[in-house]
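Written below as structure tokens is the structure these notes are about.
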Amino acid sequence: MIIKPRVRGFICVSTHPTGCEANVREQIEYVKARGPIANGPKKVLVIGASTGYGLAARISAAFGSDAATLGVFFERAGSETKAGTAGWYNTAAFEKFATEQGLYATSINGDAFSDAVKQRTIEVIKRDLGQVDLVVYSLAAPKRTHPKSGEVFSSTLKPVGQAVNLRGIDTDKEVIRETVLEPATQDEIDHTVAVMGGEDWQMWIDALLEAGVLADGAKTTAFTYLGEKITHDIYWNGSIGAAKKDLDQKVLGIREKLAAKGGDARVSVLKAVVTQASSAIPMMPLYLSLLFKVMKEKGTHEGCIEQVYGLYKDSLYGAAPHLDDEGRLRADYKELDPEVQDRVQTLWSQVTNDNIYELTDFSGYKTDFLRLFGFEIAGVDYEADVNPDVQIPKLVQV
């Protein structure tokens, strides 16, 4: 079938297998061109490995450090008549390229929040790898079923304490829109912490430690975004911020446990990028469009692969990691450059329906958004027939 992009709201409901493969190939080529990561990881578990930063973490480990990788995610296969999810095609492509290079790559498809997926992951590590020396936690999910109580939690994106007026781009109509977000209830805050806080990361590390599958000196990191004052009302000071603060608390206990084995645990702060998650946040398309404009003009623009490869090379495995006062690893310093933020802040209030394309890089934002789903990739023939039924040969289905 011939597959074209079909966008509904902030989700593209079609995906292109060949485009997803080309996107993965581009990221692999970036890593190979930058050269090996000195003293990098050798056996890596990535939880949330199929898109965005998690996929970039898997690619950087495999092609920057010749690491064996085990990826965990929750994706949907395609059929002859219906496309699967982008993460499915990304993983099929990643495994193909890794296998061609003689690298171990196996994936587990299921609910990473569940005990069943944790146990199956441990079985696969014991069988194939013995132990892992890096665990990357990069889950982005709207809901979580608690593995012990069975309670279902849903995350909410709201301010805390008071309503907030937000500017944003209505990405469908391409107009500037002001929205009011009402404050989260305590229940909504608690739910958001349960989904996006550090409890599940802690459960993963506890399970891996108990099973004896974490190597001496093993590291773990969870990815997060903090942002600057423009996004603080909705991020750091909002319901999601409560979850981020929980992550900062939980990492202390995890670090203590791993330190006993000569290892380490860190929260890694990454820059704002276009992801399926960020496109759902009312103000982020406008913020990202302005950020891209300013950072591209300065020559400091980066996407997922540049960020994560840099994080590995400079901080996770570098001699002089970029640490903040809270002990987090920082890869977002180019975004937080005062010159960049001041310029974004100035343009923020100047954008109108008439000058969106002039003052922002909204066209670059739209291209990046479509690239998530395998579209707008150079060299791909989008008029060609493509089979959406793509297999992942080594997939473990839970």
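These residue numbers are counts, starting from 1, taken along the chain as shown.
Backbone N, Cα and C atoms are what each Cβ position is placed from, and that goes for glycine too.
What you see is a predicted model, and the numbers here were worked out from it, not measured in a lab.
Summarising the annotation, Swiss-Prot assigns active site, proton donor to Tyr235. Annotated NAD(+) binding site per Swiss-Prot: 48-53, 74-75, 111-112, 139-140, Lys244, 273-275, in sequence order, evidence recorded as sequence analysis. The feature substrate binding site is assigned by Swiss-Prot to Tyr225. Sequence annotations record features per position, and here Swiss-Prot assigns site 'Plays an important role in discriminating NADH against NADPH' to Glu75 based on sequence analysis.
Its own atom aside, the Cβ of Glu75 (site 'Plays an important role in discriminating NADH against NADPH') has 21 Cβ atoms within 10 angstroms in the protein chains shown. Long-range Cβ proximity for Lys244 (NAD(+) binding site), meaning a same-chain Cβ under 8 A and a gap of 6 or more residues, is found for Met196, Thr224, Leu226, Tyr235, Trp236. Residue pair Glu75 (site 'Plays an important role in discriminating NADH against NADPH') / Ser50 (NAD(+) binding site) shows a Cα separation of 8 Å. Proximity of Gly52 (NAD(+) binding site) to non-local residues of its own chain (separation of 6 or more, Cβ distance below 8 Å) is seen for Ser138, Ala140, Val273, Thr275, Gln276, Ala277, Cys304, Leu372, given in sequence order.
Of all the binding-site residues given, namely Leu139, Val274, the one with the smallest number of surrounding CB atoms inside 10 A is Leu139.
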